Amino acid sequence: MSIKSDRWIRRMAAEHGMIEPFEAGQIKQAAGRSIVSYGTSSYGYDVRCASEFKLFTDINTTIVDPKAFDPNSFVEVKGDSCIIPPNSFALARTVEYFRIPRSVLTICLGKSTYARCGIIVNVTPLEPEWEGHVTLEFSNTTPLPARIYANEGVAQMLFLESDEVCETSYRDRGGKYQGQVGVTLPKI
């Protein structure tokens, strides 16, 4: 497997709609102010968080069970930012919609700006031929409230291309998160 460069990312976005909307370079300012950067980097793509969040609350539940997840465990928040309570988490989605090629596995890593503040981004790999908005999970590991900004960079996607195409892709398996839009809760 090899990591793919900015040139490849730009070509795949232009010719195959791999990332929509797409920024060919790094965007570091908006409306005359500094922002957490997003767009194409040397060997990855920095994604943005949309302005819709699901903030975890323990008001309605006593146990978190991935096989019987209660949607009432979240409060919906819309806005330019979301404040995550101490030792809690929020779900969001990327602004960008992804279409992953059959020979590619995509890994998501958090941006250092957030990591240095105790905010961890968790996303599982984007498998070959998966498509959709990426659901992002932000964990606030600090004892203080933490802010996440919408429409600014929050994580980086790295594209790894295999030297051999997989026999069965995520689409072939009928993956349960295929084509997801919006913030998607756990499914069984």
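Placement of Cβ uses the backbone N, Cα and C atoms for every residue, glycine included.
If you draw a 10 Å sphere around the CB of Lys111 (dCTP binding site), it holds 19 other CB atoms from the protein chains shown. Annotation source Swiss-Prot lists dCTP binding site at Lys111, Ser112, Thr113, Tyr114, Ala115, Arg116, Thr135, Leu136, Glu137, Gln156, Tyr170, Gln180.
Within the same chain, the residues at least 6 positions away from Glu137 (dCTP binding site) whose Cβ sits under 8 Å from its Cβ are Phe89, Ala90, Leu91, Val121, Asn122, Val123, listed in sequence order. Among the features that Swiss-Prot reports, active site, proton donor/acceptor is placed at Glu137, with the record citing sequence analysis.
Of all residue pairs in Lys111, Ser112, Thr113, Tyr114, Ala115, Arg116, Thr135, Leu136, Glu137, Gln156, Tyr170, Gln180, the annotated binders of dCTP, the farthest apart have Cα atoms separated by 33 Å. Sequence-distant contacts of Thr113 (dCTP binding site), defined by Cβ-Cβ distance under 8 angstroms and a gap of at least six in the same chain, are Val36, Gly153. Summary for the binding-site residues Ala115, Thr135: the Cβ-based neighbour count within 10 Å is maximal at Thr135. Listed in sequence order, Ile100, Glu127, Pro128, Glu129, Trp130, Gln178 are the same-chain residues at least 6 apart in sequence whose CB falls under 8 Å from the CB of Tyr170 (dCTP binding site).
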